[in-house]
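These features come from Swiss-Prot:
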ACT_SITE  96  active site, proton donor/acceptor
ACT_SITE  157  active site, schiff-base intermediate with acetaldehyde
ACT_SITE  185  active site, proton donor/acceptor
């Protein structure tokens, strides 16, 4: 199908992400305004910005999502749970949680399961497990996905964007593994309309990107050509 197909509402796929350590309150306000204007599902921000983002989006349809254990996933389970619960107390509705990659590679499947399951159960919110697929073999991707789905996540997410980004092949692989049990979030390095459409066609149900406005504008321009 052509990338300009009218059946695709690109904005409804985008988690509008502001995940740079130098982000200011002014930038956060601008991102929240953009998310409301373009009707993005969420604004994704660091935990320290959750409360302000919730205030800025009070009464709006756009939700606030945040990242947990970001970007390395190597904090303790207790710290991750606290970070997640505090974020929910501050109004976050979706949590993008980086899994412990060292545990995965060490074969500590039960510890990994318990960590993710506890966050899912204790917060009661939408949890997206960040697998960091660029750092994993196909066997490790499959194992991580199965553990996280069994633990109760709502999405499998490809990447933090710090160690490589989303690829069409990884999205297809996760879609095949998930068999429709969970959504697939592609994240990292999504800068062009062609990339976004390819990832969606491959099976992505969310896109994590800081370029959401640019992507929607690119699509609009393509329609008008």
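Cβ from N, Cα, C; glycine included.
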(message) Validating a neighbour-count step here. Other CB atoms within 10 A of the CB of residue 157 (active site, schiff-base intermediate with acetaldehyde): how many?
(response) 32
(request) Give the distance between the Cα atoms of residue 185 (active site, proton donor/acceptor) and the residue listed as 'active site, schiff-base intermediate with acetaldehyde', rounded to the nearest whole Å. (result) 4
(message) Give me the count of other Cβ atoms within 10 A of the Cβ belonging to residue 185 (active site, proton donor/acceptor).
(response) 28
(request) Take the C-alpha atoms of residue 157 (active site, schiff-base intermediate with acetaldehyde) and residue 96 (active site, proton donor/acceptor) and report the distance between them in angstrom, rounded. (result) 8
